[in-house]
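What follows is a single structure, written as structure tokens, with notes after it.
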Amino acid sequence: MEITELLIRYGELSTKGKNKKKFLKKLYQNVVEKLKKFDQVSVGYDRDRMHVKLNGEDAESVIKELKEVFGIQSFSPVIRVDRSIEAAKEAVIELIKSSYTPGMSFKINTRRSDHTFLYDTNEINRFLGTAVEKTFDDIHVKMKNPTTTVRVEVRKRGFFISVETIKGLGGLPVGTGGTGMLMLSGGIDSPIAGYLSLRRGMRIEAIHFHSPPYTSPQALKKAKDLTEKLSHYADELTFIEVPFTEIQEQIKKLIPEEYSMTITRRMMLRLTDEIRKKRNGLAIINGESLGQVASQTLESMAAINEVTNTPVLRPLISMDKTDIIKIAEQIDTYELAIQPFEDCCTIFASNRPKTKPQLQKVKGFEKALDVETLMINAIEGITIQKISAETNERIEMEKEFTSLL
Ligand code: ATP
Ligand code: MG
């Protein structure tokens, strides 16, 4: 007997009241999109559960994909059999056999969503439990913390039997939370800020500033590779590349060194906000974590943030570096992020940035720059691509984007 389907549980989604329908539909669409490479698979859902019918496709491969979908609380590989106790017994014995160890304990946990079935849950538990005890030596029923819990669901379509519950990613389906522009460097932090935003259902577009020839093609590739890692959780991501050389040269030339970092960040934020407006984003996301480096004091954040009223989300604000690194390892961005290709901030970094910049001074120094022209030049030089893990495609979309400006 083979796994016939995967049964998905929603978790937090089930508390969404009136919005639930919208959330479920989005989750359904995301699951369908994620599994589109499996020709035979079909997906259906109701208010309580989603069902992925394998129709002969390999369960392990499908499970691997589902582990990357936000909004799934847990899921179980299931054997579906006809609504008969005899068929259920056979499936339960089969499943126990696959994980049998002498001395093991088990319990049968039956739920009925269809109450028209002849027997109630206690009777079904008893029939199936007895069958297992008769079949295997050295196995016993245990209600508290058994080695294996066999879950049986009685539904109109049949009996659904499973012994394994796999943890899903949790969170909310991507696409239910509006769009945010992720300021993506090549570092450890910003990809995680992107991941956590996706986790709460946002769509993200990555914006990367680079300064050739001071920054290398490898640094740019690294940012794209990080975007590709994130696209596992979002189907396809937009990567927006902003030329930043002219701005950094001007800052280097015209701004006192201790204020260069603050003013560089203000320029980045202004540009990000400009792109956001044109692309209908609602928020900006960055990888700042309080106190991590000089630019990440509250004084500094306030001085930088002053250029916009747009919400700037900082998912990592209260996290320790070690916890950020843990997530980076889980989602496989860590090894990429520590590659030694410097991005534009590192190369132009001052040795003594102000940790408490004064806004008046910032504004005074900034007058030396022709902010407007610098911004127009940068925006004109933007390129945009779609990056997807699935196809490894990086489609140039320069023309389409230019027409949006
Ligand atoms: P990260 O690990 O994300 O690079 P960091 O600890 O190096 O962060 P900073 O250099 O102070 O911190 O950068 C703070 C945030 O500014 C980054 O998390 C990112 O959101 C944004 N940022 C920095 N450099 C760039 C860049 N070249 N392109 C786009 N965004 C950037
Ligand atoms: Mg960095």
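Counting starts with 1 at the first residue shown.
Just so you know, glycine gets a Cβ as well, placed from its N, Cα and C.
Heads up, TrEMBL stuff is auto-annotated, nobody curated it.
Straight from TrEMBL, the features:
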- Met183, Leu184, His208, Phe209, Arg265, Gly287, Gln296: ATP binding site (BINDING)
- 60-165: domain 'THUMP' (DOMAIN)
Cβ-based isolation winner (fewest other Cβ atoms within 10 Å) among the binding-site residues Met183, Leu184:
Met183
Under 6 Å from ligand 1 by Cβ, which binding-site residues from Met183, Phe209, Arg265, Gly287?
Met183, Phe209, Gly287
Over the span of the domain 'THUMP' (60-165), count residues by DSSP class, listing helix, strand and coil in order.
37 helix, 33 strand, 36 coil
Work out the three-state DSSP category of Gly287 (ATP binding site).
coil
Translate the DSSP assignment of His208 (ATP binding site) into the three-state scheme.
strand
